[in-house]
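This report refers to the structure that appears directly beneath it.
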């Protein structure tokens, strides 16, 4: 073997390695050279950096959603301030002898000082809460029966739909004749308003329960009682709570008319008594007090709704 052949054999042995495989430092067939490899690696890294998802914990820029970003409480405060300012402006210009916020606040202080306002609030709250709670309980029971049992729906629906078209205020003369002039007719009228406002929402909530969930529970061997407690009630809870909020508003809106029935205390009675003497300050005190009490109770129901239906998707 010549010197040239021995040199080529030595180079081949160094390239292929001991077992005939390419050595670590030798470029394989089709591999890029050192010059092109660096450029190719950089291009691949750049492409990978573009396609790779952002690292965990990395801050991502999100478009600003003004509906979520704007503080709702601040907007509420601004709206109230604008309303009070407009009210004061109209009162200062003497529009229909409208009392201003200062005069109404002064009158409220007088009614609080002699205990009149506290007694009226207590009497009205007692009537509203009693009628509202009785109406809500019966509405939930009747609504569930109508939604779950077709026979119950056929029996109750004509009466519910009929009395929904009759204003509760139209029942006052009948209530006075049948129940007298005590507390019973007042509470009955409020009860009727709350019941008719809540029963339809509960009924619709039971109808809207996903039947797939009910069928799946039956396949797993659940009985009607278990399905009702574990599937139907949780699924219809949002409708029930919305119906309760509507019923609460109906109860407060019926209060003034209910206290027409020979009442001696209550916010509605105080407003009607003030109307006789053209006491606009007292009328405004009653209006604002009813609005504030109704708003506080509605917010409490809304808080309960969010706690009990936290699984529900919200906007």
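From the backbone N, Cα and C atoms, a Cβ is placed for every residue, glycine too.
Automatic, uncurated: that is what TrEMBL annotation is.
For reference, TrEMBL has these:
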type: REGION; residues: 1-57; note: region 'Disordered'
type: COMPBIAS; residues: 22-57; note: compositional bias 'Low complexity'
type: TRANSMEM; residues: 73-90; note: transmembrane segment
type: DOMAIN; residues: 121-301; note: domain 'ABC transmembrane type-1'
type: TRANSMEM; residues: 128-150; note: transmembrane segment
type: TRANSMEM; residues: 162-181; note: transmembrane segment
type: TRANSMEM; residues: 187-207; note: transmembrane segment
type: TRANSMEM; residues: 227-248; note: transmembrane segment
type: TRANSMEM; residues: 283-304; note: transmembrane segment
- Note on the structure: Taking the transmembrane segment (283-304) as reference, the highest number of CB pairs under 8 angstroms among 73-90, 128-150, 162-181, 187-207, 227-248 goes to 227-248
- Verify whether three or more Cβ pairs under 8 angstroms connect the transmembrane segment (162-181) with the transmembrane segment (227-248), leaving out any pair fewer than 6 apart in sequence. no
- Same-chain residue ranges lying at least 6 outside the transmembrane segment (128-150) that approach it to Cβ under 8 Å: 156-157, 160, 186-207, 209, 228, 232, 236, 240, 243-244, 247-248, 251-252, 255, 258
